[in-house]
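Peer 1: Here's the feature list from Swiss-Prot:
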BINDING   12-18, 40-42, ARG306, 332-334, 414-416  GTP binding site
BINDING   ASP13, GLU14, GLY15, LYS16, ASN38, ALA39, GLY40, HIS41, THR130, ARG144, GLN225, THR240, ARG304  IMP binding site
BINDING   ASP13, GLY40  Mg(2+) binding site
ACT_SITE  ASP13  active site, proton acceptor
ACT_SITE  HIS41  active site, proton donor
BINDING   THR300, THR301, THR302, GLY303, ARG304, PRO305, ARG306  substrate binding site
Amino acid sequence: MSVTVIVGAQWGDEGKGKITDYLAERSEVVVRYQGGNNAGHTVEKDGVQYKLHLIPSGILYPDKICVIGNGVVVDPSALLKEIEDLKAKGVEVKEDNLKISDRAHVVFPYHIKEDELEEKGKGDEDLGTTKKGIGPCYRDKTERIGIRMCDLMNAEVFREKLKKNLERKNKIFKDIYGEDGFDFEQIFETYREYAERLRPYVTDTSVLLYNLAKEGKKILFEGAQGTLLDLDFGTYPYVTASHPVAGGATIGAGIGPTMIDNVIGVVKAYTTRVGKGPFPTELKDEIGDFLREKGYEYGTTTGRPRRCGWIDIVMLRYAVRVSGITSLALTKLDTLTGLEKIKICTGYKINGKIIEDFPASLEELKMCEPIYEEMEGWSENIQDVRSFEDLPLNAKKYVKRLEELVGVEFSIISVGPEREETIVLRNF
C-alpha cells in the first residue's frame with residue numbers, strides 16, 4: 001500500500017498543482033480532502049493549460065480515479081462548469097473516474113451572499129476571502145444546518161432542509177443587512193437540476209478509498225491552500241475555514257491516520273501570500289516586484305497580485321512539524337535566477353530576543369524581525385537542467401542549505417512551469 005499526502009508548506013500557491021500532476025501520473029487514485037473552489041491550481045499538459053478548482057488533477061489521466069472527499073465544500077454550479085470546461089478540452093469526465101462524497105457539504109447562493117456582506121461589513125478589517133461562500137458553508141456544517149450531497153439527492157429531504165435554511169437566512173439578510181433574500185422555488189429547482197447531473201458521480205467515498213487502499217492501490221491526497229492557512233495552525237484569523245495540514249486528509253476523506261505512508265510538503269523557493277495578515281519576510285521593494293513578475297505571482301482563482309518575500313525557515317520547520325512532512329518538493333527555483341544575492345530567514349527577533357518557533361499570536365508575529373543569512377545567487381538558465389549535479393554551484397548550495405536548516409530532504413525540484421522541467425531526487 002502506498003498512500004501519500006501532498007500539503008502546502010507555506011501560505012498556499014506553492015506550486016502544488018505541478019507536483020500533484022507529476023505524482024498523479026504515478027498514482028492510481030487522486031483525492032481532494034478539503035477546501036472548495038476558493039482554491040485553484042494550474043496544470044500544463046501537452047501544451048494545454050488547465051485551471052482546476054475542485055476536481056483533482058488526476059482527471060487529466062483517463063485511467064485514474066479522482067475523488068472529491070467529504071471535507072470539500074462543493075458549489076455544484078462551479079463543479080459542473082469545471083466538468084464542461086474539461087470535456088471541451090477533450091478530457092474524459094465520467095462516473096468511472098470522478099467520485100464525489102455523499103457526505104460533502106453543498107455551497108448555496110446564500111453562502112456567497114453571506115460571504116460578500118460579511119467581508120464588506122468588516123471594512124478595513126476584512127479577511128480578504130475569495131467570496132466564494134466557503135467560510136459560511138463550513139459554518140453551517142459546524143452549526144449542523146448544512147445540506148450535504150446525500151440530502152441533495154433526496155428531493156423531499158432537500159426541500160425540507162432548504163426551506164428551513166432559507167427562512168433563517170432571508171431573515172438575517174433583511175433584519176441585519178437590509179438586503180433582499182432568495183426565492184425558495186428558484187433555488188430548489190436549480191439545485192434539483194444540479195442533483196440529477198451530479199447523481200452519477202455521488203457515492204460513499206470513504207468506503208471506496210478504504211477498499212482501494214486495502215487492494216494496495218497507490219493513492220495520492222492533494223491538499224488545497226497551505227499549512228499557514230489552516231484553521232488551527234495558520235495565522236488566525238487570516239486563515240481558511242478548513243484543515244490543509246496532512247491530518248486534514250484523515251477527517252476530510254475518511255481514512256485512518258495509520259494508512260498514510262508519506263507526506264510531501266511543497267515549498268516555493270521564496271515565500272508568497274495573498275490577502276492580509278503578517279508576513280515577516282515580505283519584500284516591498286524592487287526584489288519583491290522582480291519575484292512577482294518573473295514568477296507570475298497572481299492568484300489562479302482571483303487574479304490578485306501576491307505579496308512576495310524571502311524563504312522563511314521558521315515557517316517551514318513549523319509546517320514540517322504539524323504535518324509530519326517526510327520529504328519536500330521545491331518549486332520555482334528558476335524564478336531566483338538573475339538575483340545577485342539571495343536571503344534565507346533563519347529565525348526571528350522580537351525586541352532583541354531570538355524566536356525559533358512560529359508564534360501563535362498575530363501581535364507577536366507582527367513584531368517579528370527576520371534574521372537573514374545571505375547567499376550568492378546565479379545567472380545561468382536552469383530550466384533545461386534535469387539532474388541535481390547539473391545545477392549551477394550556487395543553486396546547489398542554496399538547496400543544500402535549505403535542507404540543513406529545515407532538517408528534511410528534497411525529493412523533487414521544479415525548475416520551470418512545464419511538467420518535464422523537473423528534477424526528481426527520489427522514486428515514487
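From the backbone N, Cα and C atoms, a Cβ is placed for every residue, glycine too.
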Peer 1: I'm trying to understand the geometry here, so how far is the Cα atom of THR302 (substrate binding site) from the Cα atom of HIS41 (active site, proton donor), in Å to the nearest whole number?
Peer 2: 11
Peer 1: Say you check the Cα of LEU333 (GTP binding site) against those of the recorded positions ASP13, GLY40, HIS41, PRO305; which is nearest?
Peer 2: ASP13
Peer 1: Restricting to the record's IMP-binding residues (ASP13, GLU14, GLY15, LYS16, ASN38, ALA39, GLY40, HIS41, THR130, ARG144, GLN225, THR240, ARG304), give me the longest CA-CA distance in Å as a whole number.
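Peer 2: Between the most distant Cα atoms of the IMP site, 34 Å.
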Peer 1: Counting other CB atoms within 10 A of each CB, which of the binding-site residues GLY15, GLY40, PRO305 comes out lowest?
Peer 2: PRO305
Peer 1: When DSSP is mapped onto helix/strand/coil, what comes out for LYS18 (GTP binding site)?
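Peer 2: The three-state answer is helix.
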Peer 1: LEU333 (GTP binding site) has how many other Cβ neighbours within 10 Å of its own Cβ?
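Peer 2: Cβ-Cβ neighbours of LEU333 (GTP binding site) within 10 Å number 24.
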Peer 1: In whole Å, note down how far the CA of ARG306 (substrate binding site) lies from the CA of GLY15 (GTP binding site).
Peer 2: 13
Peer 1: Using Cα coordinates, what distance in whole Å links GLY303 (substrate binding site) and THR130 (IMP binding site)?
Peer 2: 10
Peer 1: Of the recorded positions ASP13, HIS41, THR42, GLN225, which one has its Cα closest to the Cα of PRO305 (substrate binding site)?
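Peer 2: Going through ASP13, HIS41, THR42, GLN225 one by one, the Cα closest to that of PRO305 (substrate binding site) is ASP13.
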Peer 1: Name the residues of the same chain, 6+ apart in sequence, whose Cβ is under 8 Å from the Cβ of ARG304 (IMP binding site)?
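Peer 2: VAL274, GLY275, TYR298 - these are the non-local Cβ neighbours of ARG304 (IMP binding site), listed in sequence order.
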Peer 1: Quick one: of the recorded positions ASN38, HIS41, THR130, GLN225, ARG306, which has its CA closest to the CA of LYS18 (GTP binding site)?
Peer 2: HIS41
Peer 1: Within 10 Å of the Cβ of GLN225 (IMP binding site), how many other Cβ atoms can be counted across all chains shown?
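Peer 2: The answer is 29.
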Peer 1: How long is the line from the C-alpha of GLY12 (GTP binding site) to the C-alpha of GLN225 (IMP binding site), rounded to the nearest angstrom?
Peer 2: 4
Peer 1: Do you know which of the binding-site residues GLY12, GLY303 has the most other C-beta atoms within 10 angstroms of its C-beta?
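Peer 2: Counting Cβ neighbours within 10 Å, the top one is GLY12.
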Peer 1: What's the CA-CA gap between GLY40 (IMP binding site) and VAL415 (GTP binding site) in angstrom, rounded?
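Peer 2: VAL415 (GTP binding site) has its Cα 21 Å from the Cα of GLY40 (IMP binding site).
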